[in-house]
Amino acid sequence: MSEAVAGAVAERFTQLYGAEPEGVWAAPGRVNLIGEHTDYNDGFVMPFALPHTAVAAVSRREDGVLRLHSADIDAGVVELRVADLAPESDKNWTAYPSGVVWALREAGHEVTGADIHLASTVPSGAGLSSSAALEVVIALALNDLYALGLRGWQLARLCQRAENVYVGAPVGIMDQTAAACCEAGHALFLDTRDLSQRQIPFDLAAEGMRLLVVDTQVKHSHSEGEYGKRRAGCEKGAALLGVDALRDVPYAELDAALERLGDEEEVRRLVRHVVTEDERVERVVALLESGDTRAIGPVLAEGHASLRDDFRISCPELDLVVDTALASGALGARMTGGGFGGSAIVLTEAADVDAVTKAVEEAFAAAGFTAPRVFEAVPSAGARRIR
Ligand code: GLA
């Protein structure tokens, strides 16, 4: 499969630039199983990679020119000079790949230009990290071609910097690390404080279960302010509690911490979500490692309630997916990603997939919502060279 994709992307590159690419790379989108809005609080997350990928055919250049083309956006070849790249100067899709070139150069790596053709199957605006996939595929390609010797987590850090500073979106480190470091058949248990990782075997099919992704088709965008407000609220909470990050508030001391926050109602809710969410990640890891996979369902549902009621980043469409899935027999369900739209995940017995899917589709039709896109997610490989 990836050989055919690599061949097609390489062929288009050759048409565009008149020579074959030096190589072709792929990086996946992700869903997050549990651990939402914990990454910028130094907490725990647990994403896994989707089979959907951003694919890039790339060749080096030595003349300081960066040429970018996307199969998915009708904008022709965009030509830039690497020396001119500057933060927040670009509001188009090209900001993601050029932001990575900028971040690599800023970090002292001599990247002297590139010809790039990109094609992605990661749905954009669906909360499935299409931007991180774009960033990481470029970072990995340039890492290989320019022999920079950077590890996956280092590429993730550079991509996050590209997105924070160059694109101007205040995201955490989860999505880039997922794209760079996930492994097929596993979920990635990541401590976002020091980026230490554990690959947790996650083979639902072998246990007669499935994980569905329900894209509500409600578009979200992280630069639009609400994400940044939540992040600032969490930082305020940490400051009021005298800790470096909310990760440092032990779950056992949550009640005392909430008491100390007094009448800071908004901050109290944010703190409660983050501290309980870190505990939920640890609980899910323990359940998976002890083989009690079905028992993670209720933990996912708890996580959704916390995001809806305390963190307040759900929306009617996401709530409808979760409520309908649970009512029609799913083991668990929650929104995934940044929120305000995008996708939900549903954990279900394999035998119930059709019934749950039908129930969600009918509920959306009855509510007058745009039909959702439902697909099964199998934990897939992280970023890699495919040619
Ligand atoms: C977005 C961000 C991540 C993370 C999630 C919420 O996907 O890019 O860094 O904060 O939202 O968990």
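Even glycines carry a Cβ here, placed using N, Cα and C.
The substrate site recorded in TrEMBL comprises E36, H37, T38, D39 together with one of Y227, Y251, namely Y227. When the Cα positions of S70, G125, A126, G127, L128, S129, S130, S131 are compared pair by pair, the longest gap among these ATP-binding residues is 20 Å.
Using L128 (ATP binding site) as the reference Cα, a 10 A cut-off selects R30, D175 from the recorded positions R30, T38, E163, D175. The two recorded residues H37 (substrate binding site) and D175 (active site, proton acceptor) have their Cα atoms spaced 11 Å from each other.
The 10 Å shell around the Cβ of G125 (ATP binding site) contains 15 further Cβ atoms across the protein chains shown. Sitting within 8 Å of the Cβ centre of E36, H37, T38, D39, Y227, and not among those site residues for substrate, are the Cβ atoms of G35, Y40, N41, G43, V45, G172, M174, R230, V274, E277, G338. Of the recorded residues, D175 (active site, proton acceptor) and S129 (ATP binding site) place their C-alpha atoms 6 Å from one another. The distance from the Cα of A126 (ATP binding site) to the Cα of R30 (site 'Transition state stabilizer') comes to 11 Å.
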